[in-house]
């Protein structure tokens with residue numbers, strides 16, 4: 001942390017004062033804080049009015065004739081004794097003070113390591129001494145102070161030394177209604193600080209350039225010579241009750257790694273199996289909901305998806321959902337036709353249904369492998385694993401085991417006895433005990449590491465899932481784990497991420513909206529409109545798809561990435577987040593969880609009950625997606641009568657406007673014998689010595705063409721402007 005920021009935060013600490021009350025004096029010869037002999041607390045020595053000490057006592061006050069807090073006999077308290085000096089100071093009273101040393105009118109503080117506030121003695125109606133106190137104002141820092149990207153009003157007050165009430169008033173004047181615990185961003189804080197004459201700079205934590213935000217970028221940056229083959233990472237998806245969990249159990253029970261045999265099985269969200277000495281990592285989070293929830297947070301952990309379809313039930317609604325999610329993720333798919341032992345099993349019917357859903361298996365001439373299995377009988381499990389290894393060989397999954405480890409959190413929880421517990425899938429490098437790690441917005445040091453068999457490990461190589469202990473807080477699923485050389489730097493980055501998360505929480509929207517598409521397209525961000533379509537009945541889906549297909553152009557495509565009937569679910573919203581899609585509900589509404597998720601992440605959900613209204617809205621959005629089209633409008637012609645060369649070597653063309661007019665805003669073409677020599681802009685346009693904006697037909701003028709000097713008498717110049725043409729779908 002910079003010295004500027006430390007001084008900014010420290011100024012608030014220096015502003016806290018502890019009020020001291022003037023007590024009695026002490027006995028003769030003792031420093032202040034006690035009383036004179038025989039006097040009650042708070043009184044004086046013989047002949048002294050209240051607030052002093054016994055005769056001859058050093059400290060807060062003195063006896064008659066001595067300089068001190070009280071006067072001699074007959075004098076009212078607070079002045080001097082006969083011939084005395086200034087009002088007395090206090091002795092040490094044991095109360096907390098600051099390092100500062102303050103000299104007050106009523107006395108002189110001692111350097112006791114505490115702050116002294118201004119105190120004087122007043123008289124109560126009963127004649128007793130009463131202390132009155134003035135608290136010193138907060139000390140404002142000199143020079144610029146460093147402020148984080150977000151902070152509370154209280155933190156801002158402490159950093160700047162400006163009272164919280166003053167800050168709240170300034171915020172109110174600026175149109176911001178806040179309380180002392182309200183978060184404000186740096187821009188707002190800087191404006192308010194400037195109002196109080198305080199200069200600020202935004203604090204940036206060190207070494208942010210080394211922070212991993214995307215594991216794919218890490219892998220792409222590795223030297224190909226350092227990359228080694230790694231096990232594939234597999235997720236199993238499918239319709240409920242089609243046997244996803246049973247298939248996982250069957251795989252695990254038949255092919256658990258031999259080195260782990262006899263261990264105590266731990267549920268850690270992922271595990272490894274072996275076939276022919278090669279490992280395969282399975283994520284034990286079946287279902288596309290978990291898969292897409294992690295994708296929505298930017299996590300890319302799955303290499304291959306196994307789609308489980310029951311041979312007796314065939315393709316079901318959640319099967320179609322899973323297919324949509326896999327296609328959106330762009331990962332290879334293997335179809336596992338399960339329950340082939342069922343009496344009414346029909347694998348060929350399943351393959352035909354998959355073809356109708358756009359998944360063409362190899363038996364039908366496609367490129368999607370399929371295998372028939374029975375999780376119940378543990379039949380053909382090895383066949384499925386062999387196909388997984390074959391797909392892995394084709395895709396050549398690799399990582400660098402010698403790099404500092406990076407990985408993704410699969411799941412995490414707070415354990416009562418062990419503290420934060422997280423399962424991490426190492427994706428590059430090797431994770432080791434005692435590594436300092438940055439995980440999302442938390443940090444820690446790897447104290448313990450074990451696998452799904454409960455075996456303690458000293459290190460974990462790429463594609464290995466392990467449980468780690470030693471984090472300071474519970475991370476979120478999908479957070480990136482990164483080994484850091486310096487734990488202090490990791491903590492600083494984690495703090496910055498926490499502040500950034502608070503700032504993002506203040507934002508109203510992060511998702512794609514139909515209203516925002518026009519500007520997004522103009523900025524070149526989107527050329528494809530992704531839609532998730534949910535309707536009341538299947539017939540409505542077909543009609544809407546047909547209507548939307550009529551709107552496609554060569555430049556803009558509507559892509560329905562998922563379609564289904566019934567309620568809009570949280571899974572739909574997660575897919576929309578991951579795919580930057582809009583959800584359209586045709587006589588379909590979201591459930592409460594989906595509504596909350598959509599509001600949190602700014603996903604646009606549109607509701608319709610008339611197809612025409614739906615297509616009109618989409619058409620308006622697509623118009624903004626079309627490339628702008630321009631046409632030329634010729635405004636005038638001129639003949640080159642003469643040319644002059646300037647000292648700057650630029651050529652001035654002496655023109656006679658033969659038709660229309662010339663304007664500085666127009667483009668110009670230089671033609672010779674009907675051939676275009678140059679097409680560009682006007683650098684200068686003058687009549688005599690004066691700059692002019694335009695010249696009408698029948699007048700002469702001088703003109704310089706920007707960046708072009710090959711002009712001779714007899715050339716013709718054409719002047720035109722470009723006019724935007726509104727596009728239609």
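Each Cβ is built from the backbone N, Cα and C atoms, and glycine gets one as well.
Ranges compared are 258-262, 263-267, 268-272, and Swiss-Prot records region 'G2' for 263-267.
In Swiss-Prot, the region 'G3' annotation falls on 284-287 of the listed ranges 276-279, 280-283, 284-287. A sphere of 10 angstroms centred on the C-beta of residue 238 (GTP binding site) encloses 27 other C-beta atoms.
For the region 'G4' (338-341), same-chain residues at least 6 beyond its ends with a Cβ under 8 Å from one of its own Cβ atoms are 238, 242-243, 246-247, 308-313, 347, 372-377, 379. Listed in sequence order, the residues of the same chain lying 6 or more apart from residue 340 (GTP binding site) and placing their CB within less than 8 Å of its CB are 311, 347, 372, 373, 374, 379. Between the binding-site residues 241, 244, the minimum number of other C-beta atoms within 10 Å of a residue's C-beta occurs at 241. Taking the domain 'tr-type G' (229-396) as a whole, pLDDT averages 85 in the prediction.
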